[in-house]
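Trainee: Dropping a structure here in structure tokens format, bear with me for questions.
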Amino acid sequence: MTLLEVAGVSKSFPGVRALDDVSFTLRPGEVHALVGENGAGKSTLIKVLTGVYRPDSGELRYRGEPVSFAAPMDAQRAGISTIYQEVNLVPLMSVAQNLFLGREPRNRLGLVDRGRMEREARDILADYGVTTDVRRRLGALPLGAQQMVALARAVMIDAQVVIMDEPTSSLEPREVQTLFGVIRRLHARGIGIVYVSHRMDELYEICDAVTILRDGRLVHTGELAGLERIELVSMMLGREMSPARRQGFTAFAGDHDADDTAPPILAVTGLTSRNRLHDVSFDVRPGEVVGLGGLLGAGRSETIKAIGGAYPIDGGTIRVDGEDLGRPSTVRAVAAGIAVQPEDRKAEGIVAGLSVRDNIALAVLPRMSRLGIVSEARIDAIVQRYMTRLRIKASSPGQLVGDLSGGNQQKVLLARLLATDPKILLLDEPTRGIDVGAKAEVQSLIDELAGEGLGVVLVSSDAEELVEGADRVVVLRDGAVVGHLTGDRVTTEDLMAGIAAAAAPSEDPA
Amino acid sequence: MTPLALATRPAVRSWLPDYGVYLAIALLILYNVAFTPYFLEWSNLRIQLVQVAPIVIVALGMALVIGTEGIDLSVGSVMALAAALIPLYLGYGVAAAIVVSLLAGVVVGLVNGVLVARVGLQPIVATLAVFVGGRGLAVVISDGQLKEIRNPGLINLGSGDLLGVPVLVWITAVLAGVVAFVLRRTVFGRRLLAVGGNRRATELAGVPVARVLITVYVACAVLASIAGLLSVARIQSSDASAVGLLIELSAITAVVVGGTPLTGGRVRILGTVAGALLMQLVTATMIKHDLGPSTAEMAQAVIILVAVYVARERKTR
């Protein structure tokens, strides 16, 4: 018997055929991986399954019956729950309120029974590894915990099908294990799970079946166990993946020949920010890629932002080429040659409503102008240069960045940074949420830039990316430096060991 | 849905919010040419243009502020302040009076801008203070009296002609051109749109966001003070309790009807001018056909709703 099934579904948008005759079957108790590059049609398929979109043609069957959901609420009521990448709960309401939103337990007077609600919320969330005061505002919780609340909420609604769209992208390894524990329990209860992720290890650990989409078409569907990783990847990409075989998993070429004796181009000393950063110090030499390792919340992003002048600090100095930056501000940092690529591309990186051209030129407008009037010719030249160099795929420089794929958005952002002729690049998760092809390109670019003598600081939750991309790794925990990996010790094993050694003694190893 | 409908709908959707206002003006003009006697008379067009000029000037500044995802409620009060200051300094000459009233705009703009950009207040709250207090101050400055203006230089600004076109209209057209140029071709204009589109990202790109925002609020207030002094010149009297009353609403309406989204990041200057003209035309048409101002207001309300509805379609894409 099948739980949820789509047969021959097609869906078009202006100019794009997002889904072309795609069929997909989910059995009860199955954890079904849905994979594909960005733009393969995963999101569209999910939206068809959850009633957000109506297919142009094809049929949706739920528990054997043809169904048609008019709205997402219908799908939810029928037992199909979705957990999106961006947690969509109410940040200003308490954890318990979020959990019970719309289904609050009532007392005899018909009023919300807060006591019971909070008690039950505590019990439920304990199963998900969330042990926080349920009266706290949800928004105050770390993203991982918020996601667990979202999951708990989805499962509570008597879900038969749970769709998870990159559920682990903001989780720490330990949280991932908790999530997998929950998934296994759901699996045992016969709930069908659609699992969307870019992370191979996770897919092979938790999923039974896999469906691969490419350019809106179904490429492969079947058991996951018999499918080799390299086959899976090449089916996703639709090309022979010889580069992926080379040197592990990333497009990084190896160590850079940074001059060990050269004076550091970036010297950070005693960076301190109340509660978040404690005496963080490290150097970056020209041509060197320094990785910042650690778990979520270790202070990697905060360190990067603090150096870029976008995070308040209480103490510490930042020197660029030996010169003290003084009180940091974003304006001063950019002027000194520091370029920051923030983790959250949509919220802090691109300006979605502006064109590719305007986005690239944004940080260098004064240089592109005379007496405050911009020179279109000079902008065109620089835009052309970086669109070519980074192979940005857009219909024209005038296309809105919001309409590009994630990978191309990231490239536009990098182009903006490079246009400022930076001495130091601070990259926070440069390859997150972008397709495999763009990922490889971004990784090669980082290599290339380091080769040109830039100092690069790299933050990545992908251990392989960090280890293969960086020459040295500075390991952070709870906002403090707890280890350095250099030379032969820059390996995933040593990184894990460094992080694990740093873990508080009371915690069990995952 | 037929294939044809599929193909045309998105096109209309993106076309309508951008050009709907011009279409509406064209239709209204056609209607008037056919059914309203003397509509095409130059004297009638003159009156319409002169009446709409202050609204257009204020709306230009409002469009800039809205482009940064802000709003400026204080424009009417700034007009009143400018108006109240003019008779006090007219004794030192027209230039002095103009400079002082423009300076009032600069001061108010700085206050608004600093409250928004540095203190971090929401624009609607930050500008509410001057909205409430500014007119009060203006009335105090002018002793609550209507003052007649007899200075020929100033009066010429308000009712003179240049090449057969009112000076007021020339000034408005030039200001619209300048604002459009600044927005399209200057560093400030580009930064303004980026701040409105994504303030956080613009900040990280090293753009001095606070300075951009303060400049925007100063520009808006200065434009409002220009509108104030031109209104005084036209009416040939200064009445702080009446000048620019409720103009913030007309200005916001013009901006929205002209296709500038309230969410920032995009500003349509020509659309804003057209938005103001459309509302003026609607009122004029109603009056010519003996429908009262209240009917005109209801018609305007419908236009606003349509404009907002059409804009919503674009946003949800």
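Counting begins at 1 with the first residue displayed.
Placed from the backbone N, Cα and C atoms, the Cβ positions cover glycine too.
Reproduced below are the annotations present in TrEMBL:
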type     : residues  : note
TRANSMEM : B:21-40   : transmembrane segment
TRANSMEM : B:46-66   : transmembrane segment
TRANSMEM : B:96-117  : transmembrane segment
TRANSMEM : B:124-142 : transmembrane segment
TRANSMEM : B:162-183 : transmembrane segment
TRANSMEM : B:204-230 : transmembrane segment
TRANSMEM : B:242-262 : transmembrane segment
TRANSMEM : B:269-287 : transmembrane segment
TRANSMEM : B:293-311 : transmembrane segment
Trainee: Ranking B:21-40, B:96-117, B:124-142, B:162-183, B:242-262 by the number of C-beta pairs under 8 Å to the transmembrane segment (B:204-230), which range is first?
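Mentor: That would be B:96-117.
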Trainee: Relative to the transmembrane segment (B:242-262), which of B:46-66, B:96-117, B:124-142, B:162-183 accounts for the most Cβ pairs at distances under 8 Å?
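Mentor: Looking at each of B:46-66, B:96-117, B:124-142, B:162-183 in turn, the most contacts to the transmembrane segment (B:242-262) are made by B:46-66.
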Trainee: At least three Cβ pairs under 8 Å linking the transmembrane segment (B:46-66) and the transmembrane segment (B:162-183), pairs spaced 6 or more in sequence?
Mentor: yes
Trainee: How about long-range neighbours of the transmembrane segment (B:124-142): same chain, 6 or more residues beyond its ends, C-beta under 8 Å?
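Mentor: For the transmembrane segment (B:124-142), the nonlocal Cβ contacts are 71-74, 76-78, 80-81, 83-85, 87-88, 108, 111-112, 115-116, 217, 238-241, 248.
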